[in-house]
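Right, one structure below, let's go through it.
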Amino acid sequence: MRRPMVAGNWKMNGTRASVAELIEALRQQELPAKVEMVVFPSCVHVSQVVSGLEGLPFSAGAQDCAEQSGFGALTGETSATQLSDAGCEWVLVGHSERRSLLGESDEVVSRKFAAALSCGLKPILCLGESLEERQAGQTLEVVGRQLAHVIAEVGIAAFEQAVVAYEPVWAIGSGLTATPEQAQEVHAALRKQLAREDQRVADGVRLLYGGSVKADNAAELFGMADIDGGLIGGASLKANEFGAICRAAGN
Ligand SMILES: O=C[C@H](O)COP(=O)(O)O
């Protein structure tokens, strides 16, 4: 039985004051014990969030990490070593905004995934196709390639510590959500690909859906057989909405 999970990616949003308000508002929410809940603040707010979440059933993660672990002369980068030291338990790798806007290749994403694991952080591997790729009928090929690169880098056993998030690029922040059937088709294909390597690992890996998930569409998406929860962007910045999505994952 896979434990449902809801992750809130706050992206490049928030100030110290608004982050404090959001945490306070989350404190007022009724939250389901059976759902694993994580928030991913901007790097500059990680320490504030880690201490602010004390007593709340959330853990904290970072939105990215450097390919290199440890310390060194890499201006502007933050290593998984530092994120772990700051109290992060999770890290997103390969979010489509980093792949498309910052040019992260499958190779870079795979090395970040490996770096996270080597420092004890649990990675959420994000993958997904663009609108052009979907229209060209390449969705399963694209996500299959993105997943295969990481499996080749770290091996299938590493996925016992990891989560995979399918986020069709055309659905992110657009208000266009994949239908539950579209999302399920991709999730089933990803699980099958993992199962070709190791059935037991594939059965245990949580596959999250991301892309315009809201309180009013979450239950239908989370009701699909291979959708184990969500990676939420915009809606995770509103405590009421995020709380409702977490509750939908617990039903
Ligand atoms: O990481 C989260 C995704 O990019 C989804 O963002 P969104 O819920 O605003 O569409």
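Every residue gets a Cβ built from N, Cα and C, even glycine.
Just so you know, TrEMBL annotations never went through curation; they're auto-generated.
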Same substrate site per TrEMBL - residue from Gly52, Gly55, Gly173 joining Asn9, Trp10, Lys11, Ser212, Gly233, Gly234: Gly173
Distance, Glu167 (active site, proton acceptor) to Gly234 (substrate binding site) (CA atoms, angstrom): 14
Secondary-structure category, per DSSP, in which Trp10 (substrate binding site) falls: coil
Cβ-centroid neighbours of substrate site Asn9, Trp10, Lys11, Gly173, Ser212, Gly233, Gly234, 8 Å, sequence order: Ile172, Ile232, Ala235, Ser236, Leu237
Alpha-carbon spacing, Ser212 (substrate binding site) to Glu167 (active site, proton acceptor), which is rounded to whole Å: 9
Residue among the binding-site residues Gly173, Gly233 whose Cβ has the most other Cβ atoms within 10 Å: Gly233
Recorded substrate site residues Asn9, Trp10, Lys11, Gly173, Ser212, Gly233, Gly234, farthest C-alpha pair in Å: 14
